[in-house]
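J.: The structure's right below; bear with me while I get my questions together.
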């Protein structure tokens, strides 16, 4: 019988050259002894430091330590104690754990972090705007005008006069534009009449009351268009001007306004070349 060849570090198998059939027992004993030697060498390799392992590799006197193999899915199930559960996934079976309670959890950098992870969020600041909040109640423009009548009757006219005086004195074009904007804003506030906007609302409310009564009688409801609301507003305005005696002056102003509009779009005569 020939001697058994030496163990090669690159492979985990043991190769035998031309073993005779009569010496099976001796070969088995030699295999067991070589396995024991291999295990002893691996244990010694684990105890050695990195510097010593590199030195031994350079000399070629000791084989390389075995590369750790990743556990299979069945092994992970056995380790977790949930081998009976067939529906378990690999991610559930292989849950990360802390080495120590005082240490942070170690996770692999190769595994992407899920987008839907649970993060503790700070409570959002709820912004409350009284204009759009039902707790503040509905806006009443007429009541607002009555409550702040001192502002519209006393302060705004004084502010308008001051702005006009400043406009005459200032020469810087940027300041002039800014003062003009302020003056137009003040004049708009003075001209604004909430009763004009409330007319359309009052027409709608009256029409709705009539339609509700008609619906009780079994008739179909009729919804007013914006054009019809405007027509009714003009009729009411005409009647109020007629009662006050200002209808003729109002119509004259309206005619002049329309004439100026028409005059703008009229074609001019070309100058003779």
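Any Cβ shown, glycine's included, is placed from N, Cα and C.
Under the heading region 'Disordered', TrEMBL lists 1-115, 196-219, 247-273. Annotated compositional bias 'Acidic residues' per TrEMBL: 17-26, in sequence order. Per TrEMBL, the feature compositional bias 'Basic and acidic residues' maps to 43-62, 204-216, 259-273. What TrEMBL lists as compositional bias 'Polar residues' is 72-90.
Surface or core, plus neighbours and distances: that's what I need for these features.
T.: Under DSSP, the residues of the region 'Disordered' (196-219) split into helix, strand and coil as follows: 21 helix, 0 strand, 3 coil.
Within its own chain, the region 'Disordered' (247-273) is flanked in space by residues 238, 241, which lie at least six positions past its ends and keep a Cβ under 8 Å from the stretch.
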